[in-house]
Every structure is written in structure tokens, then in C-alpha cells.
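Asker: Take a look at this one; I'll ask things after.
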């Protein structure tokens with residue numbers, strides 16, 4: 001492996017033994033080809049030649065789980081959050097299903113402020129591994145209760161359904177716990193829209209905790225987002241930094257671009273790209289804050305690659321090409337397009353009329369003018385919660401000359417970026433567990449000792 005580039009090529013940051021503030025940014029499902037996709041698209045669109053973190057690449061990580069060459073987000077996240085290798089599905093527990101301490105818990109123990117910012121449900125795998133301990137990532141109602149008991153200062157994302165009592169419309173709970181009311185009782189300001197987030201803190205002290213739940217489930221893909229209802233990842237990141245930075249003991253913030261991964265699962269190139277660009281804006285905000293105060297370490301690393309993305313596809317023999325401009329014409333995620341197609345299929349129109357409407361909808365929302373007959377025929381009959389969306393994605397992929405090998409994760413190594421105090425510690429190729437151990441050292445957090453304290457009280461069985 002060739003030696004990595006120098007750790008810092010932006011204005012030099014001091015490198016003390018400790019990092020007062022840490023922002024760990026996780027673009028979920030973001031592999032090396034995803035980096036190239038975003039860069040090439042921006043070069044086509046406006047001549048931009050580098051992403052905000054290109055010059056900060058210090059190495060890469062391997063991502064395997066204890067029971068598989070290919071990790072899921074729970075095991076991969078647990079490695080990044082705790083420094084422990086574990087099985088797929090595990091949320092901050094080891095292979096014996098016992099709790100292992102997280103960086104966020106260590107930061108809280110040290111008196112630092114803490115925050116979680118995501119575009120998935122707050123109870124989804126990555127935010128869960130920093131803030132709870134359960135043997136199965138599917139235990140999201142249990143995760144929500146544990147998160148609230150952590151007294152995390154800022155939590156922003158989706159997943160409102162896991163905080164509502166079972167009597168409330170749209171609740172996913174199986175008990176009568178009203179965690180939104182419980183949050184308010186614990187001093188949280190609860191917000192549910194972008195405008196409420198922008199007004200958060202008005203007339204209140206900065207010490208008030210903040211809980212933002214902007215959707216019942218995952219937040220929308222960036223390509224589908226209603227800007228009046230759901231805030232951007234950058235806006236949530238900026239709000240969190242502003243809230244947390246008042247603590248003289250420092251802060252720990254985890255930011256996840258969650259839906260990059262989900263678009264990869266759907267082989268949805270346009271949605272994958274737009275969520276990467278949204279993550280880039282959040283990364284730029286975090287890096288700007290770090291450059292302004294000289295006391296903040298920013299580490300950017302994915303938990304795994306998703307989809308086996310490739311740029312370049314032999315649709316026409318002899319062509320070395322992919323077409324980023326094709327993705328600019330797409331106006332909705334494959335899931336949103338699938339909803340439109342299901343609506344057309346449910347009408348009482350003739351089969352011929354339905355075919356015509358489906359083809360027209362695909363052209364309007366993807367920009368592809370000549371929709372192949374076989375794709376329309378498939379969309380007339382395919383069933384399943386994800387099958388319709390998965391049948392839409394190939395239309396854009398073929399046009400853009402983009403390939404995918406999987407609807408799941410892959411074993412590909414992912415890039416590692418760092419800026420700020422202690423960034424040089426991350427130079428090289430590492431196991432994913434090494435990231436947490438290095439961060440704990442820079443934060444002066446003893447994860448092993450804290451794990452012992454946790455286990456003395458309970459385990460996660």
C-alpha cells in the first residue's frame with residue numbers, strides 16, 4: 001500500500017495530546033467510488049475539483065465483523081463507537097452480549113457535552129451504538145428509552161414513532177410510555193419541524209437539552225426533502241455545534257449521513273449522490289467550526305460500503321465513460337417514484353393506459369426519454385416493499401453508465417479523513433476498532449474502565 005498523503009494540507013492545526021472537542025462524521029455506506037461520483041458530478045456541474053475533505057485523507061479502514069467478512073451497520077458502528085469487534089446486529093455489546101462502553105458515554109463521564117445528529121431514525125443502528133446497549137438492533141423501542149436516560153444534550157433525526165405511546169397514531173411502541181413527554185420532563189426542548197429547529201432556544205437558556213424528531217421513520221432522502229418541514233443535515237450539524245460548544249469541558253458530536261447507505265441498498269444513484277452532497281455541506285460546516293477554534297478534531301469515516309458501486313459500465317462496447325450529468329435530471333428517489341407507480345397501478349384504467357402513464361411518469365421524474373418496454377412491463381407486475389423501487393433504479397443506472405454489484409453491503413475498505421488536534425494519529429490503514437481507541441485516547445477516556453462500571457450494574461442480555 002502506498003504511503004498516505006500528509007495528514008494536513010489545510011491551515012495547520014495544533015496537535016496536543018488531547019482533543020477538547022471531537023466531531024465524528026459517518027457517511028454511512030460511503031465507499032471510494034461514492035467519493036469519485038460526488039467529485040465528478042461537481043466537476044461537471046460547476047468545475048469544482050475537490051470535495052471539502054479530499055485534502056484531509058489520512059488513510060483507510062477495514063470493516064469486517066466478528067462473524068462475517070461483511071459488516072452490518074450495528075457491528076461496524078459498534079467498532080467505531082467502542083473499539084470492540086462484534087457480531088452483525090449487535091448494538092454496543094460484545095460477542096458475549098455484554099455491554100461495552102461507548103465514546104459518548106465516556107465523554108458524558110468526563111463532563112463533556114454530547115450530541116447525535118442523523119438522517120435515519122435516532123434509534124437506528126449507528127446512533128444506537130453510541131447511546132444504548134442491546135443484543136439486537138431491532139429492539140428500537142428499548143433503544144429509545146435508553147437514549148433518553150443518557151441525558152444527551154442534543155439529539156436530532158427521525159424516528160418519532162418510537163417515542164410515542166402505543167395509543168398515539170403512528171406509534172411503533174408496544175407500551176404506554178410517552179417518551180416525548182418524558183423528554184420534556186427531563187428538560188428537553190422538543191422540536192418537530194425545520195422552522196421549530198430554527199427557533200429552538202428562543203427565550204430559553206442555552207443549557208436546555210434539545211430533541212428533534214422530524215419524521216415518524218427515517219428522514220426523507222435529500223432529493224425528496226420538504227425544506228419547510230425537515231431541516232438539512234448541515235443545519236442540524238450547525239445547531240448541534242452551537243448548542244454544544246458552550247461547555248468549557250468540551251463536547252463529542254456524532255453526525256451520520258444515514259441515507260447515503262439506504263440509497264446504496266436501493267442502487268439509487270441519484271439519491272445516493274444527493275445525500276452525499278448534503279453530507280458534504282455538513283462536513284464543510286464542521287470543518288469550518290474546527291478551523292475557527294483550533295480545538296476541535298474532525299474525523300470522517302464510513303462504517304462500510306454499500307451496493308458495490310462502480311462508475312463505468314459496458315453498455316456500448318469500447319466506451320470508457322460514465323455520465324454524471326444524467327443524475328442531474330432525476331427529480332425524485334426511486335422509492336418516491338415507486339409510490340407514484342403504485343398509485344397508477346391501483347387505478348381502474350386500462351392496462352394500456354397504465355403503461356402509458358407509467359412511462360410518462362418515469363420520463364418526467366428521471367429525465368430518460370425512451371423508457372424501455374421491459375422496464376414498464378416489469379413495473380406493471382412486480383410486488384414487494386422494495387421491489388418496485390429496485391425495478392426503477394436500473395433505468396437511471398443504465399443511462400448514467402453506473403453499475404452496482406449488490407443490494408447489500410460489501411467488504412470494501414473505506415476512506416479515513418481527519419483534521420485538527422491529534423489528526424496525525426490516524427495516518428495509515430487501520431482496523432475499524434482502532435478509530436474508537438485512538439479517539440478515546442485523545443479524549444482522555446478510559447473505555448475499559450467504564451465498561452467494567454457498566455457491567456457491574458447490568459449487561460445487555
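The backbone N, Cα and C atoms fix where each Cβ goes, and this holds for glycine too.
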Asker: Which residue of 133, 162, 409 does TrEMBL report at the same Zn(2+) site as 28, 261, 265, 303, 304?
Answerer: 409
Asker: Round to the nearest Å and give the CA-to-CA distance linking residue 124 (Mg(2+) binding site) with residue 261 (Zn(2+) binding site).
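Answerer: Distance (Cα to Cα, whole Å): 12 Å.
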Asker: Indicate whether residue 303 (Zn(2+) binding site) is helix, strand or coil by DSSP.
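Answerer: In three-state terms, residue 303 (Zn(2+) binding site) counts as coil.
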Asker: Cβ within 8 Å of the Mg(2+) site centroid (28, 124, 126, 256 excluded): which residues?
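Answerer: Here the non-site neighbours turn out to be 26, 73, 77, 118, 120, 125, 127, 257, 258, 261, 303.
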Asker: Sequence order is fine: just name those binding-site residues in 28, 126, 256, 303 with a Cα within 10 angstroms of residue 73 (active site, phosphoserine intermediate).
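Answerer: Taking 28, 126, 256, 303 one by one, the ones whose Cα falls within 10 Å of residue 73 (active site, phosphoserine intermediate) are 28, 126, 303.
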Asker: Could you tell me which three-state DSSP class residue 28 (Zn(2+) binding site) falls into?
Answerer: coil
